[in-house]
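These notes concern the structure reproduced below.
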């Protein structure tokens with residue numbers, strides 16, 4: 001009964017049955033305790049599962065293999081750090097309980113939840129060393145961990161190795177790969193994987209469509225996401241909570257807030273139970289269209305329904321308040337802290353976006369100073385870079401960038417966009433350029449520079465206004481370095497702002513206007529493309545002549561804009577040697 005109730009998510013009733021069995025004198029055994037641990041674990045309530053686990057040992061019941069596997073699995077579902085799961089793993093071996101395939105599968109799942117792709121590899125290697133056979137769940141979980149770490153080449157290699165073990169990839173395997181490619185913006189590979197799945201005789205299921213809808217939504221392709229949503233229903237596939245969450249999120253990112261509301265109504269009429277992911281997606285939609293009061297009402301509704309808001313929920317509210325009220329931003333951040341929610345890199349990005357909207361450098365500095373009370377390291381780096389103290393904080397900044405490099409593409413790109421924006425906005429132009437170079441070296445915006453024999457292209461459409469302008473200088477300096485080395489430029493050079501004939505407002509965007517204005521200030525010879533208003537083009541030989549002109553280098557090298565009336569004593573950073581910096585730009589990436 002306890003196990004069945006746990007599978008149904010009726011954890012409180014499962015606990016009642018457990019307590020009743022104990023009062024009746026037959027519940028104090030390893031099976032009852034293990035069933036209750038599993039019930040809590042299935043619902044993601046790991047802290048309660050751990051308490052039952054400890055109570056079991058105090059009651060004199062010795063955990064068996066099933067118990068240990070169940071508690072490690074609970075750690076994976078509840079987001080507990082890997083160290084805690086490994087401590088339990090060590091304990092079971094000390095107690096003479098030998099781990100099996102399920103144990104290792106659960107450990108890899110813990111790694112997957114935390115995007116710890118390197119650790120997942122080590123657990124998998126230990127599994128192989130012990131001679132424990134792997135199954136489809138092992139490989140699917142390992143591939144998921146590696147994909148979440150952005151290591152798609154390794155994920156593809158692991159998938160290929162399955163054939164040597166005579167394990168055929170299933171729909172989950174392909175869907176995981178599709179999701180991984182989609183989160184990195186690699187749609188060609190995602191679609192190719194989808195076709196490979198069809199050739200293997202596997203039909204796309206709800207998981208596959210969820211991955212594709214989520215991928216398109218995160219890249220702003222909301223119309224494609226909407227088309228997939230319609231198609232899956234036409235094929236008789238029933239959308240689940242994740243489907244609705246993904247399509248609401250896609251509509252939100254596309255500014256289609258009325259459509260997001262309509263989907264929520266459809267969701268309710270389907271009789272599905274909303275979760276924190278769906279509520280957070282809708283709250284984000286309300287926040288993005290300025291309906292902050294409605295978002296707060298929805299927050300209250302979800303809490304009254306017994307659904308605890310998570311960091312994603314609060315990140316949306318912080319971002320919304322940061323658009324016009326920095327005081328409320330700090331209040332929401334404080335409330336989040338009181339609930340025990342740990343800020344993440346998205347929170348950091350939202351705070352930086354709020355800084356970009358501050359009326360003055362002093363106001364932005366004060367906001368970051370308040371944030372430093374919560375996290376000295378992260379906000380200390382941002383404050384140091386903003387105040388021009390690059391030499392003092394750059395070592396810490398590089399360490400922070402390395403941590404972010406292990407996160408998914410969308411999170412990393414949002415962080416660099418926000419950080420570069422605030423630096424560019426308040427005149428730290430050299431710092432902004434240094435940050436985008438650090439991002440490019442870590443393969444953020446990996447398709448920003450692409451080349452063919454006929455054309456070199458700079459793709460800015462996934463960048464913020466500040467990041468795009470800083471990257472423009474990096475690209476042009478790189479082209480100049482190529483000419484200096486004796487290479488020639490191709491027939492055409494292009495700059496994509498991502499706003500052309502397929503956009504909702506053709507030919508217009510803040511990013512496009514900023515890039516065009518910046519090129520005009522530098523007297524660069526680019527002009528709007530004939531058939532695509534989001535593309536700026538110029539003949540290669542014309543750009544070559546401009547780049548080699550005597551005064552062009554002075555235009556390309558960025559200098560900080562100093563605000564002498566604001567904190568003059570704090571702007572202590574010395575400008576880096578420009579020759580060394582240009583070498584770093586060119587040599588830091590062999591692809592340009």
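The backbone N, Cα and C atoms fix where each Cβ goes, glycine too.
Just so it is clear, the model here is predicted, and its values are computed rather than measured.
What TrEMBL annotates here:
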REPEAT    29-63  repeat 'PPR'
REPEAT    64-99  repeat 'PPR'
REPEAT    100-134  repeat 'PPR'
REPEAT    135-169  repeat 'PPR'
REPEAT    170-204  repeat 'PPR'
REPEAT    205-239  repeat 'PPR'
REPEAT    240-274  repeat 'PPR'
REPEAT    275-309  repeat 'PPR'
REPEAT    310-343  repeat 'PPR'
REPEAT    344-378  repeat 'PPR'
DOMAIN    458-547  domain 'Smr'
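If one looks beyond the repeat 'PPR' (205-239) by at least 6 residues along the same chain, the residues whose Cβ comes under 8 Å of a Cβ in the stretch are 171-172, 174-176, 178-179, 181-183, 185, 187, 190, 194, 197, 246-247, 249-251, 253-254, 256, 259, 270, 410, 462. Taking DSSP states H, G and I as helix and E and B as strand, the repeat 'PPR' (64-99) has 26 helix, 0 strand, 10 coil.
Counting same-chain residues at least six beyond the ends of the repeat 'PPR' (135-169), those with a Cβ under 8 angstroms from any Cβ of the stretch are 101, 104-105, 108-109, 111-112, 115-118, 120-121, 124, 127, 176-177, 179-181, 183-184, 186, 189, 200, 406-409, 443. In terms of DSSP secondary structure, the repeat 'PPR' (29-63) contains 26 helix, 0 strand, 9 coil.
When DSSP labels each residue, the repeat 'PPR' (170-204) comes out as 26 helix, 0 strand, 9 coil, counted as helix, strand and coil in that order. Remote same-chain residues near the repeat 'PPR' (344-378) are listed as 311-312, 314-315, 318-319, 321-324, 326, 329-330, 333, 336-337, 386-387, 396, 400, 404, 407, 411-412, 414-415, 417-419, 421-422, 425-427, 466, 563, 566-567 (criterion: CB distance under 8 Å, separation of at least six residues from the stretch ends). Long-range Cβ contacts of the repeat 'PPR' (275-309) within its own chain (Cβ-Cβ under 8 Å, at least 6 residues beyond either end) map to 241-242, 244-246, 248-249, 251-253, 255, 257, 260-261, 264, 267, 316-317, 319-321, 323, 339, 341.
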